[in-house]
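Here's the structure, in structure tokens; my notes come after.
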Amino acid sequence: MADAWEEIRRLAADFQRAQFAEATQRLSERNCIEIVNKLIAQKQLEVVHTLDGKEYITPAQISKEMRDELHVRGGRVNIVDLQQVINVDLIHIENRIGDIIKSEKHVQLVLGQLIDENYLDRLAEEVNDKLQESGQVTISELCKTYDLPGNFLTQALTQRLGRIISGHIDLDNRGVIFTEAFVARHKARIRGLFSAITRPTAVNSLISKYGFQEQLLYSVLEELVNSGRLRGTVVGGRQDKAVFVPDIYSRTQSTWVDSFFRQNGYLEFDALSRLGIPDAVSYIKKRYKTTQLLFLKAACVGQGLVDQVEASVEEAISSGTWVDIAPLLPTSLSVEDAAILLQQVMRAFSKQASAVVFSDTVVVSEKFINDCTELFRELMHQKAEKEMKNNPVHLITEEDLKQISTLESVSTSKKDKKDERRRKATEGSGSVRGGGGGNAREYKIRKVKKKGRKDDDSDDETQSSHTGKKKPEISFMFQDEIEDFLRKHIQDAPEEFISELAEYLIKPLNKTYLEVVRSVFMSSTTSASGTGRKRTIKDLQEEVSNLYNNIRLFEKGMKFFADDTQAALTKHLLKSVCTDITNLIFNFLASDLMMAVDDPAAITSEIRKKILSKLSEETKVALTKLHNSLNEKSIEDFISCLDSAAEACDIMVKRGDKKRERQILFQHRQALAEQLKVTEDPALILHLTSVLLFQFSTHTMLHAPGRCVPQIIAFLNSKIPEDQHALLVKYQGLVVKQLVSQNKKTGQGDYPLNNELGKEQEDVANTRKELQELSSSIKDLVLKSRKSSVTEE
């Protein structure tokens with residue numbers, strides 16, 4: 001009952017409150033949304049929608065929840081996780097991060113994560129536990145463990161060294177943290193190990209063998225060396241090739257180097273390398289700062305050795321001899337080093353070229369070279385005189401001598417340029433602490449491969465620059481002959497020096513020899529001046545006139561034959577008499593061009609071409625046409641060219657008259673008859689008889705080859721009695737038979753078949769007998785007629 005009344009009193013109180021309460025207005029959800037949007041648009045309210053769109057949240061609330069989440073997660077949270085927890089777009093999270101970092105200095109953003117100082121302190125405590133356990137930790141391992149960048153971890157842990165972390169970091173390599181005990185233990189091991197080393201030792205091999213931490217070893221080693229606790233030096237820095245050189249070894253090394261240099265006067269770079277000195281040049285320059293040294297390719301030499309070489313070279317130049325410096329130098333020095341040393345020595349002499357360098361190490365004075373040239377002087381005169389007698393033509397002109405001089409000057413110019421380049425190269429490769437001037441020329445034989453290499457170098461420059469120019473036509477001696485001659489007069493000379501000296505002398509010897517030949521020729525032709533020359537011209541004109549008239553008469557005789565026979569006779573005449581008269585004219589002109597010919601018949605077509613190349617343009621045109629007409633097929637063309645050539649050469653040709661022609665006919669017939677009397681050759685008897693019978697019948701001369709004899713005999717058929725012609729034909733048949741048997745015997749060799757031997761020998765004997773019997777009768781056909789005609793005349 002009491003409960004019921006209690007309920008009644010409570011309800012009465014509620015009713016009373018409802019009666020006195022003020023009325024409140026409630027807005028609908030749509031109205032609320034419109035009002036909030038309007039406030040946001042007017043920038044009177046700053047709120048952010050959640051991702052589901054059901055709630056609004058203020059930026060301050062976002063920041064508060066981010067701080068709360070960072071605290072809940074132990075001081076490290078990913079911003080992606082924050083976006084999922086707070087349920088807003090990621091851009092709003094990123095916008096609030098900047099405000100949080102500015103307002104709270106102990107919070108920082110690292111790789112998309114918020115990290116505060118509390119987290120870093122706990123991380124440092126964990127690192128310290130690991131460090132105390134193992135003695136060292138590496139930043140790289142910590143980066144993998146905590147998924148943080150190395151620079152950030154290094155900075156964070158460095159700030160906590162000595163406060164949270166009991167250890168220190170390597171100043172040279174900030175990637176490792178050590179404990180003091182670890183460093184002290186390794187320092188003791190390093191000190192003990194390197195104190196026991198007595199020779200240069202690679203640091204890298206010790207690291208791999210004893211398990212040292214590489215960077216710690218270098219730091220401790222550098223500290224011990226700088227403090228003087230370890231006596232030695234580390235060569236090569238902190239590299240794989242670093243070498244520790246103890247002081248005891250360095251002292252022994254320096255003692256050996258000083259002793260060797262004092263005794264020998266030079267230092268070889270390879271020897272220093274074998275001693276463990278990696279940079280020999282720098283070592284020598286550092287150790288001998290005040291000593292005058294010459295640095296070569298593979299060694300350096302002292303001033304004493306340089307002075308010794310200089311004295312030997314000076315003595316050779318002053319005494320007019322030669323010297324090879326190779327025996328004066330240590331055997332370990334290469335030829336290249338010896339050449340550099342010699343070039344440096346030559347700079348100490350006067351700037352005028354007083355010596356020539358051969359084979360890189362041989363210095364030859366100019367006087368010695370001149371003496372060698374003089375050794376050939378007598379031999380030159382002997383050979384020149386012999387040459388003038390034996391050689392059918394000598395074309396030693398001013399142009400030849402001028403060309404030799406040009407080649408010599410160009411060669412000298414090229415040598416000077418090579419010397420200049422070599423001097424500059426030497427100044428770059430070798431150095432002397434002192435002055436000097438360059439003077440000597442150097443002569444080298446170019447080692448040319450047989451195939452494949454194109455001269456890419458400059459020893460062939462002279463030859464290539466004169467490609468196409470005519471070389472001297474007369475040479476003195478070949479190089480091997482010069483070498484043999486020099487070996488007889490130069491004792492104990494290196495073979496390579498002899499070869500190079502011979503090659504060097506070839507051009508000046510040839511030039512001198514040409515001058516000697518010219519001098520010999522001039523002396524032999526001096527007597528040909530004055531009245532003698534007039535007599536020579538007179539004789540030439542007489543001989544040319546005789547041959548000219550003979551050609552004219554021979555031309556008349558050819559016209560009795562058919563065209564094909566005329567062509568053969570014309571060709572024979574051009575190759576014989578016409579060529580003789582041409583050679584006479586060429587020989588006459590060549591005498592003015594320093595040409596010597598004993599027999600004009602020895603002048604060939606090639607020699608005529610050489611003579612033409614020496615003539616003046618006016619004379620060359622006419623003589624060239626005359627030379628070319630010998631290969632034509634017309635006597636008239638040749639006569640025309642001959643007239644032009646004679647006029648160009650001022651040679652007067654006397655044309656024959658009737659009386660002169662009769663004299664020539666008589667003399668020609670008499671000469672052939674005299675030859676016919678003495679000959680016993682059947683073929684020649686037939687040839688001479690046929691030509692003489694032709695002259696008797698036609699009163700003209702005929703110059704015919706042997707192959708035209710049948711045509712001459714055929715022509716005589718109607719010109720001589722029938723019995724004489726029959727005798728000629730019979731004799732011709734026997735001559736042909738004999739020639740055929742001789743040719744057949746030559747073709748078969750000396751061993752014909754046995755069954756034919758007797759028959760052939762019998763035929764040959766019968767033919768020979770018949771020819772002998774008929775020869776006198778054939779001769780009488782001409783000789784009897786000759787006697788009667790002489791009587792008539």
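In case you wondered, yes, glycine gets a Cβ from its N, Cα and C as well.
According to Swiss-Prot, the feature N-acetylalanine maps to Ala2, an assignment based on similarity to another entry. The C-beta environment of Ala2 (N-acetylalanine), restricted to residues of the same chain at least 6 apart in sequence and closer than 8 Å, is empty. According to its DSSP assignment, Ala2 (N-acetylalanine) is helical.
The feature omega-N-methylarginine is assigned by Swiss-Prot to Arg433.
Residues or ranges marked as phosphoserine by Swiss-Prot: Ser458.
As annotated by Swiss-Prot, phosphothreonine applies to Thr536. Counting every protein chain shown, 13 other Cβ atoms lie within 10 Å of the Cβ of Thr536 (phosphothreonine).
Taken together, the residues of the region 'Mediates interaction with DDRGK1' (2-200) have an average pLDDT of 81. What Swiss-Prot records for 2-200 is region 'Mediates interaction with DDRGK1', and it gives similarity to another entry as the kind of evidence.
Positions annotated as region 'Required for E3 UFM1-protein ligase activity' by Swiss-Prot, on the basis of similarity to another entry: 2-212.
According to Swiss-Prot, the region 'Involved in CDK5RAP3-binding' annotation covers 121-250.
Swiss-Prot lists 200-400 with the feature region 'Mediates interaction with TRIP4'.
Annotation comment: Swiss-Prot describes 407-473 as region 'Disordered'.
Summarising the annotation, Swiss-Prot assigns region 'Mediates interaction with CDK5RAP3' to 490-684 and lists similarity to another entry as the type of evidence.
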Let me know the DSSP-derived helix, strand or coil state of Thr536 (phosphothreonine), please. helix
Residue counts in helix (H, G, I), strand (E, B) and coil for the region 'Involved in CDK5RAP3-binding' (121-250), per DSSP? 74 helix, 20 strand, 36 coil
